[in-house]
Ligand code: NAD
């Protein structure tokens, strides 16, 4: 199967923070892949804007190195990289001062093309950038801004940030990135739910026993210790990524696949979330790897804060108080330094109302698993007869749809979330970006949970490196006569 690539209109993309880690690892290699695929017009311009003093040719060299190191994707024809590099330009800029702004204005002014400004800098600079774009005449109606996470650290700061951006830009011009929404399988979740007759009639508390969402990482905090310790799994993963996945699973069918129709439905889910009871929360901090404690120290050593109470693991149970989901628990789990890197959503259906095969056939439940990474794909566990003689014994087998197998090498071409989302910005499609009210509603649910454990002085439980998190996480499920799905690579 050959994928269809529709080229986007000519654009200028200014990457504030264009020399930073995110630009080098994701944005520049992603843009190059889109260039190779023919989606980026030849006359597009990418302007790096950052604090370092450098010329355009230095920036092109930095981009070439980043593309080589972090993957330019499928092999391009000879000379494509060189051609791509001619699209690059660079301006030294100070987000907090005057330096570089007139120069940037001169480069983007007066062109009849889409202007996108990617804020790939620390969130403390978002307001400065927005203000200076406006004072230098670049916040016109053609402009779009792309805002990276974290979007606030609580409701008050998210509201303040939304209010600042709203002074200079209309909501239709603001693209808040949650890169989980750019993943192929996440969009497939909507295709599976709303493109098939098979699932939607069963997609409610009458037929679904529970839903579990796991995002497990094998890495620790690495070099991000200082940032991470102020944030923790709740702010870094649950409030945004897991919340977005939960919304897509739980939302009502939107009337159409359009930005506000989808985001209205997601917002209703967040607003219907019940507060989380303290005994439905498990927090943990990873221990050192006993085999290599120097390279893989425990969490507190890694963040250089011996008294840290920040969680590197979080599991919780919540409910959605509406007609569709009343009584169906949603279990969320995420953590660092776990046994495998795996992101999976599982819809666990209820038992059949009566087993004609008797008690000895055991309990068998259909599970629809949507795997985001690695090996994107969807698996439906079905119960069949164990082959061979010896009576009616039942076993569960997977009906497996690995995208790589089903669609062939071209159909399953790897399109990274960032490159897809940047092209959506250029196309002006906000469907896969968070709206301001969604972000605020997510914080409104998150804040009391964090305040609760802070007031109680809860200390996260230690857990083994390369395991599945603290034992209390297993108990959270077992108390309800349920089990977490195994975390498999
Ligand atoms: P970084 O520290 O590697 O890079 C920061 C960039 O900002 C540099 O280009 C620097 O020159 C520029 N900068 C700093 N101060 C400036 C100023 N006063 N004026 C102009 N430019 C200035 O940061 P990063 O890891 O690339 O992260 C950028 C943003 O993306 C942050 O908001 C971060 O939370 C977010 N983010 C990063 C990642 C990641 O994997 N790195 C993932 C998700 C989100």
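Cβ coordinates come from backbone N, Cα and C, glycine included.
As given in TrEMBL:
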| type | residues | note |
| --- | --- | --- |
| DOMAIN | 14-188 | domain 'Glucose-6-phosphate dehydrogenase NAD-binding' |
| BINDING | 17, 18, 19, 20, 21, 22, 23, 24, 51, 149 | NADP(+) binding site |
| BINDING | 179, 183, 217, 236, 336 | substrate binding site |
| DOMAIN | 190-485 | domain 'Glucose-6-phosphate dehydrogenase C-terminal' |
| ACT_SITE | 241 | active site, proton acceptor |
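Location within the structure of each feature annotated in TrEMBL.
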| residue | record | Cβ within 10 Å |
| --- | --- | --- |
| 17 | NADP(+) binding site | 23 |
| 19 | NADP(+) binding site | 22 |
| 21 | NADP(+) binding site | 12 |
| 23 | NADP(+) binding site | 25 |
| 51 | NADP(+) binding site | 17 |
| 183 | substrate binding site | 22 |
| 217 | substrate binding site | 18 |
| 236 | substrate binding site | 23 |
| 241 | active site, proton acceptor | 22 |
| 336 | substrate binding site | 25 |
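Considering only the residues assigned to substrate binding, 179, 183, 217, 236, 336, the longest pairwise Cα distance works out to 20 Å. Among the binding-site residues listed (17, 51, 217), 17, 51 have a CB atom closer than 6 Å to some atom of ligand 1, in sequence order. In three-state terms derived from DSSP, residue 19 (NADP(+) binding site) belongs to neither a helical nor a strand segment and is classed as coil. Taking CA atoms as the reference points, residue 183 (substrate binding site) and residue 19 (NADP(+) binding site) are 24 Å apart. Distances between the Cα of residue 236 (substrate binding site) and those of the binding-site residues 19, 21, 51 are shortest for 21.
For the pair residue 19 (NADP(+) binding site) and residue 179 (substrate binding site), the C-alpha distance works out to 20 angstrom.
Over the domain 'Glucose-6-phosphate dehydrogenase C-terminal' (190-485) the predicted model carries a mean pLDDT of 93. When the CA atoms are compared, no binding-site residues among the candidates 17, 21, 23, 51 lie within 10 A of residue 179 (substrate binding site). Around residue 179 (substrate binding site), a 10 Å sphere centred on its CB holds 19 further CB atoms from the protein chains shown. Whole-number maximum of the Cα to Cα distances across the NADP(+)-binding residues 17, 18, 19, 20, 21, 22, 23, 24, 51, 149: 20 angstrom. Put simply, of the recorded positions 217, 241, 336, the one whose Cα is nearest the Cα of residue 51 (NADP(+) binding site) is 241.
Here nothing among the recorded positions 217, 241, 336 falls inside 10 Å of the CA of residue 23 (NADP(+) binding site). A distance of 14 Å separates the Cα atom of residue 217 (substrate binding site) from that of residue 241 (active site, proton acceptor). With residue 336 (substrate binding site) as the anchor, the candidate recorded positions are 17, 21, 241, and the one with the nearest CA is 241.
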